[in-house]
Every structure is written in structure tokens, then in C-alpha cells.
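Here is the structure we will look at.
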Amino acid sequence: MTTVRQRRVGKGTEGAEEQPSEKSVKPDGKILSDHTGGKLWNILSVTVGGIVAISLGLLTSVYVATLHENDLWFSNIKEVEREISFRTECGLYYSYYKQMIQAASIQQGLHGLVYDNKTESVRTINILERMNVYQEVFLSILYRILPIQQYLEPVYFYIYTLFGLQAVYVIALYVTSWLLSGTWLSGLLAACWYITNRIDTTRVEFTIPLRENWALPFFAVQIAAITYLLRTNLQPARERLTFMAVFIATFLFSLMWQFNQFMMLIQALALFVLDCFDLLPTAKVTWLYIIQISGLLLVCVLQFFNSMILGSLLISFNTSVLIARIIQKNLKKGPLLNRLGKLILHVLLVLCLTLLINKFIKKILNLESDEHIFKFLKAKFGFGATRDFDANLYLCEEAFGLLPLNTFSRLSDTLLFYIYVFVLLFMTVAAVIVAFRNLSGSNQVQLMEKMGECTITLKPDAAYSLIHTVLFGCLALSTMRMKYLWTSHMCVFASFGLCSTEVWKLVLKCIRLYTSQRMQVMKYSIPIITLLYISYKFWPGIMDELSELREFYDPDTVELMNWIKSNTPNTAVFAGSMQLLAGVKLCTGRTLTNHPHYEDKNLRERTKQIYQIYAKRSPEDVYGILRSFGTDYVILEDSICYERRHSRGCRLRDLLDIANGHIMDGLGENEPDLKPSTYPRFCEEIKKNLPSYTTHFIRVFQNKTFHVYKLAKHK
């Protein structure tokens, strides 16, 4: 088991483009200039705000890089230890970067990925089709052509790139908040919250090659571009450039993460809701739907027409929305009840079309790659219990459970959660009022004349940010692993609200204390006080964290990897747990039977079969299964065979027993139809060296954690 131990001593402008919300507006739409020196002030403000944004981004990058170094002593440990530190699927992804670096040429490296026979034994697969590893390919090519080999090791080029993307991430969050509020003070607050809530906003320092660490910075850039796109009075040239920025960011995000389609589906749902209530310009929403589809289809082409992309719900949903619009042309006309009726029909039509199109595509393509996700969702939300091994494997992992309550206490320590809820409540009220007004068909000009200063408005970019945070909040609450999509935007949303003219105007009007001067005081003083509080409370902790030195320590895994490299042929095939085998491939280059990239039905079935080494099966059965996949060596882990991390019913051996129809070990209830197995547990019994086991399996390596057995080759 990999651990760390204490290190031994000695070894707005104010908005880039101002909106006329706070200036005097004549009925003919002309804006009265507040002062003649506005342009000079805007240039100065943008310059200062830009410098602050870049500085905070670079500081964040250095911060997480330092934490990574301090936690592992990465610069001092051996190469095999560095590679072991890339846990589970991270090691698998990094192995392709290493493979490309070590290839005789770029062409040979690419050929090895397209015709790969070492990731899954007795099977040739296309890595570029199955996995999102174009970033590793691009980075390896860049490393080969740049004159940096003598100065920078490949592993440092890789991790520094990921830490550099954190700078892009923070700058994008900063800019989004700045665009929403009109002041870069809001961006400063968002970046500070992101850093001080690091435990809940990122995990890049200990899961570096994870796909989300590549993808989320570009998702943040896309959100910033959409925020700018949704501004009113945007010039046509700037609008076209912004659409291009949205497309590029969407494409890069989609290229780098296999779960991109699900994230963008939630984004498409947000656009759909806002469009239905007239909170966004329909033309821009239509183009955003098209950009999502085209970006995903371009990725599909690059991934050799990956069927999972073609059968995605996102493509079916966006296509359905565009078709439904053609069918229902007068959706946004008529009185309130008429429009509500049309809206309900529109939603039902889109839903039915989505299901029909998606089912049709999956039937044509015979697509089953993502069925485990829907089985997991069905069981998670209580639509019937399941004995499906793959679904239960997800259900029993803490990362796929509900968001723990202690997350909110940590977010509250920085005041982030309190302010977020405060802003969310006010923005939700404003959104409901504006949506009702839009549906009722009231003329906005007449309404403003009647209500005067009491009019509640909601800008399109703020409306999008509201629905975005609500939907991704629901996702995070239901699945802890997805919290990083929510908490980073929470920083943006809370900081925007705290620095927003609209929010403070509404608050002060509600308590009958509104004046322009008070509103300006609140808009700037409260964020500054919050920043001072965060600095006072968390700066000492950050300094202590940066001064704490630890060391990577996992001697058993290091010993195993060194033994494999020294004592097994390069063509040897290894079976074992998905997580460990990813490290075996990275550290030794040996062929695997299975691996952690789970988005393939054949691989899932293969993994379930390989995992019979931890079930109650006969040695003959296990031997036959392993040999059918060409296995030469099998690695058994005590941490799985005698697992205590999960409760009864969620241990891997329990999931296998249930799937096999066997009674689980230990005290507790079993379902009535489960039967006792006629065989003992394989991983326990094989260690007794009984003749029925030694006929097929010969132990060739053992330490406190791992047992390696060589399979006999019978004629």
C-alpha cells in the first residue's frame, strides 16, 4: 500500500466591456457618459486586474507543485518510486506518454498506440480510440522536438505542464467572476477562495495525470467565454471571436476526458431551461448547441469514430431540441397559460425525441460501452437493487457516494458556503420573478414605467451562472467525485454575488436602505473585509503546510516492480487487480490482462472473470480463466483478500460472492437465494500449498503485501 511518511532529516474593468446596467439610459437607448476620463481608467483597471490574474494563476501553479514535492520528495526518490506515485488509472495514462518518449520515432510510437497488444492480452486495441490520451501524445511529441532533453526529465515536463494548467484554471475562474460582477476585485476573491479551499476544489497535486486535471481548466475557459458571449450589446466581430473561443475550449475539454459528454449534457440542460424561460437569447443558445455537437463529433473523428461518443445522450438531446424548435415555431408567443401549456409539450417532445434518437443510435451501433453507468445510476437513485458486479463496484466506492457533510463545514470556515447560499437565494428569487414576467408576456418598458426602481432584472450571463451552479451542485451532492466541478464554480458565483451591483441593490431595496452611495460602499467594503479575514485566518496554515516535509514510502510495491523487471520475460502476461496492473504496465512494460479504464463492455466482463482469484472458486476454474487470457503470472494482494476498508457487502470478495450466487463471509444477513460455495476462497487457500493448487500455480515471489504465482503450462 502506498503511503507517505515524515521525511528523515539529512537525506471590470471593471469589466472588459462595460454593460449599461448602471448608467443612465434614455428611452431611445443612448447611454449618457459619466466622465470623460473613463477610457483611461478602464485601461488602467484592465492592466492591473490582468496582472493580478496572471500573478495569482502562477502562484497557484507554484503552490500545488511545491505541495507535491514536499509530500513525496519527488526530486529525490527513484524513478520506479516516482512512477508508483501515479496511482491506479493515472499510471496507465502516464505509461502511454512514457511509451511515446521511448519509441524509436514518433511514427513508431503512434503505430504502437493504434495497434496496441500489451494493454489487454490476446487482443489488439486502438488506444487512441478507446482512451483520451491525445494530450500524452501531444506532450511527448513536444518533448521530443524541443531542445530541453538535457535540462528537463520527461516526468518533470509532464507534471509541470499539469501544474501550469492550474494557472490557466485559476485565471479562467478569475476572469469569469470579473466579467459577471464588473470588477476584478471579484476575481481576486474567487481565486483566493479556490486556493484556501484547495482540498475541495482540486486534487491535482496527488492525482496528476487524471483526465479531469487536463480537462477542467479548458471547461473553465469555456465558461468564461460563454459568460462574455452572453453579454448584451456585443459587437458582431467580438461575438464571432467569442464563438470561436467557445468552440476551441469545448473541443479541448471533450478531447481530454471520457466523461465530457455527461458534463456538457448538464450544461445543455442549463441552456435549455434558460431558453424556455426567455432568460437567454435564443440565437446564441442555438449556436451553443451546435458548438457542443460539432466539438464532440470532431473528437469522435479523432478517436476513430468511437461509438460511445456517437451514442451519447448529449448528441441525442441537442438534436432533439433543434428538431422540436422547428416543430413548435410559436413556442414563445401567447398569454401565460397558453405558454405554459406549450412549454410542457415542448419538454415532453424533447424528452421523447432524445430517448428515441438515443435508442435508435445504440441499436444501430450495437453500443453497450456505457451501460454500466446507467445501471449504476438506476441502483443509486433507488430504482431497484442490483447484483450487477460493475454497478456495485461503483456504488461501494466512497467517491461515487453522496457528498459528505464535513465538506460544508470546511467550505464554511472560509465563509464561502455562507456567502454562496446568500447569493444563491437572492439570485433564485430574481430568476423566478424575471421568468414569470417573461412567460406572462408583459412589455418590459411598460413594466419599468409602472414599477420604477423596484424593477428586478437578471442579466443573461448571471442567469446562466445561476442555473449552472444549481445543476452542477445537484451533481456534486449526489456524487462526491464530481464536487470539483461545483466547488470551483461556487467560488466564482459567491464572489460575483458579493461584488455585484444587482445583488446589493436588491438587498438594500428589500430593507429600504438603498442609495447609490451605500450600494457602492457595500459592493467594495464587504469583499475587502472578506479577503482580509481569509488572509488573517489561512495564511499561517498555508505557510505551515508548505514547510511540512514528507517522503514517499512504499517498499513492498517497489520490491514487486523491481522483481518483475529482473525476473520475468518482457513478453510475460500479468493478471491481478486493475489498480495494481496499471502500475505494472508503467513500471515494467509487461502485458496486462485488464486495467482501470472501464469504458468497454468486453474489458468489464474480462475484469470480473480475472477477479475470480478473490472469489470462492476451484483452482481448476481459476486456472482455466487465467489461461484463457494468456496469463503467465497472477498477483494476489492481501489488502484485497483480507479487506477491511469497506463494510460487509461492499468488500470486493463480497461483490464477487453475490454475483456468483454465494453466501458472503462473516456475521450478517444474506439474501435467501444465496447458497454456500462448495469451494473455499481461492486467494486464501492457494497459500496453503495444497497439491490441487501447486499443480497449476507455483509461488515465485512473496512479501508482506503481494504474492506472485506462475501458472504452469500444461500440454
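Placement of Cβ uses the backbone N, Cα and C atoms for every residue, glycine included.
It should be emphasised that the depicted structure is a prediction, and the values quoted were computed from it without experimental measurement.
According to TrEMBL, the protein has these features:
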type     : residues : note
COMPBIAS : 1-10     : compositional bias 'Basic residues'
COMPBIAS : 20-30    : compositional bias 'Basic and acidic residues'
REGION   : 1-30     : region 'Disordered'
TRANSMEM : 40-65    : transmembrane segment
TRANSMEM : 155-173  : transmembrane segment
TRANSMEM : 178-196  : transmembrane segment
TRANSMEM : 216-234  : transmembrane segment
TRANSMEM : 241-257  : transmembrane segment
TRANSMEM : 287-305  : transmembrane segment
TRANSMEM : 311-328  : transmembrane segment
TRANSMEM : 340-361  : transmembrane segment
TRANSMEM : 415-440  : transmembrane segment
TRANSMEM : 486-508  : transmembrane segment
TRANSMEM : 520-539  : transmembrane segment
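Same-chain residues lying 6+ beyond the ends of the transmembrane segment (178-196) with a Cβ under 8 Å from its Cβ atoms: 12-16, 18-19, 45, 48-49, 52-53, 56-57, 59-60, 63, 170, 202, 224, 227-228, 231, 414, 416, 461-462, 465, 488, 490-492, 494-496, 498-501, 523-524, 527-528, 530-531, 534-535, 538, 542. Residues 193, 197, 277-279, 335-336, 339-340, 343, 408, 447, 456-458, 462-463, 466-467, 469-470, 490-491, 493-494, 496-498, 500, 502-503, 506-507, 530, 533-534 of the same chain, all 6+ positions outside the transmembrane segment (415-440), place their C-beta atoms under 8 angstroms from a C-beta of that stretch.
Panel annotation: around the transmembrane segment (287-305), residues 126, 128-129, 132, 134, 226, 229, 243, 246-247, 250-251, 253-255, 260-261, 264, 267-268, 271, 312, 314-315, 318-319, 321-322 of the same chain, lying at least six beyond its termini, place a Cβ under 8 Å from a Cβ of the stretch. Proximity of distant same-chain residues to the transmembrane segment (311-328), defined by a Cβ-Cβ separation under 8 Å and at least 6 residues beyond the stretch ends, is recorded for 261-262, 264-265, 268-269, 272, 286, 289-290, 292-293, 296-297, 342, 345-346, 349-351, 353-355, 357-358, 361-362, 365, 367, 369-370.
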